[in-house]
Amino acid sequence: MGSVHTVILDGGMGRELQRRGAPFRQPEWSALALSEAPQAVEAVHAAYIESGANVITSNSYAVVPFHIGEARFAAEGQALAALAGELARRAVDASGKAVRVAGSLPPLFGSYRPDLFEADRALELLAPLVAGLGPHVDLWLAETQSSIVEARAIHAGLPDDGKPFWLSFTLRDEDADEVPRLRSGEPVTDAAEAAAQLGVQVLLFNCSQPEVIGAAIDAARQTFERLGRDIHIGAYANAFPPQPKQATANDGLDPLREDLDPPGYLHWAADWQARGASHLGGCCGIGPEHIAVLAQKLA
């Protein structure tokens, strides 16, 4: 793959909402602010745009029954997803900048837990998200996917609307010195092959420790080179400690790593860029100040 322009992504939404004093609690997480403080969500989007993000992601990650409950999802899921898309689009329009909106399609049954995936319900839960987000987003981003079957299920539920499909997998945090694997245990090489089969424009790795991402980028790059496919690679890591195998997103708030301040995070992102990643941002605990440094130093 030849030299390409670096695309700067945004950072995490939930921690930034909490830092700003917006409503934020378990189990709703970042979805709580959609209904109780939508202006705070829009303000976070605006902060990332001001920091230099070229792509911002809709605050729809927690709009699933795992976070808001089955009854509320059935009654309000599509409306909340639509609001998430609208708030992101509004922030872009207000900025006057050429920023794209990625529609976040989250793990439908809980983060980090491929064992909780229910294939027979996937399309049922995905449909309201796609319908709500669709009018407002420029591309689809299936993020924090723990297994290949999860990613395939989301791809199967996407409309034929011509919008790019980006796919981001989360990695096992304990594999820093071993073969990079998804949280399902599947090797990244298999995930990259699946991404190529699905017609993904960008394959990313997120919601993982920075230490495990470099090897995943290498594995993906080598796989695409072997396949003769020109697929971009990206990364956006967490700022909190490694997550155990049985962790779920409702277990509680983790402390942030002191070494992953903006200069510390830049060190990792620069390494990912050197390995061939062209799309760089942050996940949980990575804020506008981190993204500003990435935009200044790497774009």
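Using the three backbone atoms N, Cα and C, a Cβ is placed for every residue, glycine included.
Database features, via TrEMBL:
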type	residues	note
BINDING	C207, C283, C284	Zn(2+) binding site
DOMAIN	1-298	domain 'Hcy-binding'
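If you draw a 10 Å sphere around the CB of C284 (Zn(2+) binding site), it holds 25 other CB atoms from the protein chains shown. Same-chain neighbours of the Zn(2+) site beyond C207, C283, C284, judged by a C-beta within 8 angstroms of the site's C-beta center, are, in sequence order, G12, T144, T170, N206, S208, Y236, A237, N238, A239, G282, G285, I286. When other Cβ atoms within 10 Å of the Cβ of C283 (Zn(2+) binding site) are tallied across all protein chains shown, the result is 27.
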